[in-house]
């Protein structure tokens, strides 16, 4: 039988959010800098690295549902969310260090092996971590607030790494990345220990479910599809950002770090705004508005050129505000869909649902690399030709706008509103 936890305390929310702070540390290195680091600095080539990272994502995607199902069925006395998080941390730390401190002469096999271990470790942490929030906080609005705590902590972590990047900007790239991963591992050990020790598990699950894809849950599939489209829309400019700053704006390393700092600073500042709006309006409508706003702002990117750093800084600030919505609202909507799944189909598969959420995230990021880098390599971006710059501009700004509009069309009429979710929660409570 399921036992619903009471609304979590502010202290528990803060302690739950702590791991997100350190999990964000490798975000910029792994998702933004790793492709260009191995493609250009290590010398494997952009097309080769893009293909390897796409293959890694495909392997990683396959593991997501299985690890989610396992997390759902770990006996509560062992910690069905905490145990896989701890194991993932122990695997991920050495993999992260190996990836960003490669010895001379490494090849594709090295990148693939350590990359696969890192992605598997990330899955073992991320899926139970997201599921933990849904169990820790069942209330519609407080759940959004808890997600805001977590994503806000993550953004502060990214901001901290951005600040570190500014401090270390005079070092070579390999040295900066080495310092970053060692700081991540040391702080991560302390933060994860505190959170796993102090925060309760939340609602327990004793019911065993068969492994299955929730094809009958149309509400979940609708959110999942929108999340994937928006993830791809965010992933394309993320993986192309270092190239855009170099070949379009001609930015220095210090300027690149400053622009990232502005982007994530405004994402943090935007979270309270989006949480406030989500209390007054439906979460899905607020998310749609933020995506449309990002489209309007990004429409100005094609007009930029060499030296337009201030104009791009304004774009970074405004799209950073929209990022706060992208990070804090969709996971809360997904948790509501899990409640609907439990009510409508009498299933206990929270982590399994979040595994498909994680799978969509990874597939979107993998496709972003797999699409962008081969095309840019085909146009020979390093030559700096007008055609190659046009291709970069289309991938960086054009495609994301189209994809975000698609996500908005899916979510605008989303049926699971506050009132409907409250009715679902009341019905679930009566089953206890």
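Here the Cβ of each residue, glycine as well, is placed from N, Cα and C on the backbone.
Under the heading transmembrane segment, TrEMBL lists 14-38 (among others).
For the transmembrane segment (83-101), same-chain residues at least 6 beyond its ends with a Cβ under 8 Å from one of its own Cβ atoms are 19, 26, 29-30, 34, 37, 67, 70-71, 74, 111, 114-115, 117-118, 120-125, 127-129, 174, 177-178, 180-182, 184-185, 188-189, 192, 196. According to TrEMBL, the feature transmembrane segment maps to 83-101 (among others).
Marked as transmembrane segment by TrEMBL: 107-132 (among others). Counting same-chain residues at least six beyond the ends of the transmembrane segment (107-132), those with a Cβ under 8 angstroms from any Cβ of the stretch are 16, 19-20, 23, 30, 38, 44, 48-49, 52-53, 55-57, 59-60, 63-64, 67-68, 71-72, 80-82, 84-85, 87-89, 91-92, 94-96, 98-99, 199, 201-202, 331, 334, 350-351, 354-355, 357-358, 362.
The transmembrane segment feature in TrEMBL is assigned to 153-171 (among others).
Marked as transmembrane segment by TrEMBL: 177-199 (among others).
Residues or ranges marked as transmembrane segment by TrEMBL: 219-245 (among others). Residues 31-33, 35-36, 251, 255-256, 259, 291, 298, 323, 326, 330, 333-334, 337-338, 340-341, 353, 356-357, 360-361, 363-365, 367-369, 371-373, 376, 381, 392, 395-397, 399-401, 403-404, 406-408, 410-411, 414-416 of the same chain sit 6 or more residues outside the transmembrane segment (219-245) yet have a Cβ under 8 Å from a Cβ within it.
The transmembrane segment annotation in TrEMBL covers 257-275 (among others).
The transmembrane segment annotation in TrEMBL covers 287-304 (among others). Residues 230, 237, 248-249, 274, 277, 311-312, 315, 318-319, 321-322, 324-326, 329-330, 333, 393, 396-398, 400-401, 404-405, 407-408, 411-412 of the same chain lie 6+ residues outside the transmembrane segment (287-304) yet bring a C-beta within less than 8 angstroms of a C-beta in it.
Residues annotated as transmembrane segment in TrEMBL: 310-329 (among others). Within its own chain, the transmembrane segment (310-329) has Cβ neighbours under 8 Å at 144, 147-148, 151-152, 154-155, 230, 234, 249, 258-260, 262-271, 273-275, 278, 283-284, 286-287, 290-291, 293-294, 297-298, 300-301, 304, counting only residues six or more beyond its boundaries.
Feature annotation from TrEMBL assigns transmembrane segment to 350-373 (among others).
The transmembrane segment annotation in TrEMBL covers 393-414 (among others). Below 8 angstroms of C-beta separation, residues 219, 222-223, 225-227, 229-230, 232-234, 236-237, 240-241, 244, 248, 282, 284-285, 287-288, 291-292, 294-295, 298-299, 301-302, 333, 371-372, 375-376 of the same chain, each at least six residues beyond the ends of the transmembrane segment (393-414), sit close to that stretch.
Under the criterion of 3 or more C-beta pairs below 8 Å, with sequence separation of 6 or more, the transmembrane segment (153-171) and the transmembrane segment (350-373) do not qualify as touching, having fewer than 3 such pairs. Sequence-remote contacts of a segment are chain residues at least 6 beyond its ends whose Cβ falls under 8 Å from one of its Cβ atoms, and for the transmembrane segment (177-199) they are 12, 15-16, 18-19, 21-23, 25-26, 29, 33, 37, 79, 82, 85-86, 89, 93, 96-97, 99-101, 132, 136, 161, 164-165, 168, 171.
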